[in-house]
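Enquirer: If you scroll down you'll find the structure; I have some questions about it.
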Amino acid sequence: MFQATTIIAVRKGQQTAIAGDGQVTLGQNTIMKQNATKIRRLYEGKVIAGFAGAVADAFTLFAKFEEKLKQAGGNLSKAAVEIAREWRSDRILRRLEALLIVADAEKIFIVSGSGELIEPDDGIAAIGSGGAYALAAARALNAFSELNAREIAVESLKIASGICVYTNEQISVEVIEK
């Protein structure tokens, strides 16, 4: 659905990490930027979020989500439900072309433009053009290594960047510890 990036979230032990690559692609064939940051800290640093899709749309969604987070007193689940509900029902928001991954120390959610809200069973979620590759790599690394959440997120993005032409190895990471 949305190309030009990969975002992965991993929760393992006492650590939750979201990582994203830095590539910004114009159309199907032009790399415009190599070191963009697609991960942000929200709500006094207690929540981390990453986006895939149109940058302006993602910033609009970040602002809306942070507003919902403040209204919910930092309750990630409640804010995620509210932004998904608003996204689905608002005619302007429905046109936004972006996906979000949001996480705190306890939960991870994917919020989609169609108003879907998905909480992964295994504490690992990925979005973007390289999302399936990063997700598979992260699940394998989680099951068969002693790496922590941050290390799994970074290594899975490196693997995805070797497969997906819209993903690079200029990785930014944010981590929350319990």
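Glycine residues also receive a Cβ, built from the backbone N, Cα and C atoms like all the rest.
Worth saying up front: this structure is predicted, and the values here are computed from it rather than measured.
These came from Swiss-Prot, pasted as-is:
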ACT_SITE  Thr5  active site
BINDING   Ser161, Cys164, Thr167  Na(+) binding site
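A description of the local structural setting of each listed feature is requested, covering burial, neighbours and distances.
Expert: DSSP assigns Thr5 (active site) to coil, not to a helix or a strand.
Other C-beta atoms found within 10 angstroms of the C-beta of Ser161 (Na(+) binding site) number 21, with every protein chain shown included.
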Enquirer: An 8 Å radius from the center of the Ser161, Cys164, Thr167 Cβ atoms defines the neighbourhood of the Na(+) site; name the other residues of that chain inside it, in order.
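Expert: After dropping the recorded site residues, what remains is Thr6, Asp21, Gln23, Ser129, Gly130, Tyr133, Ala134, Leu157, Ala160, Gly162, Ile163, Val165, Tyr166, Asn168.
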Enquirer: Expressed to the nearest Å, what is the distance separating Thr5 (active site) and Thr167 (Na(+) binding site) at their Cα atoms?
Expert: 5
Enquirer: Starting from the Cβ of Cys164 (Na(+) binding site), draw a 10 Å sphere and report how many other Cβ atoms land inside it.
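Expert: By my count, 23.
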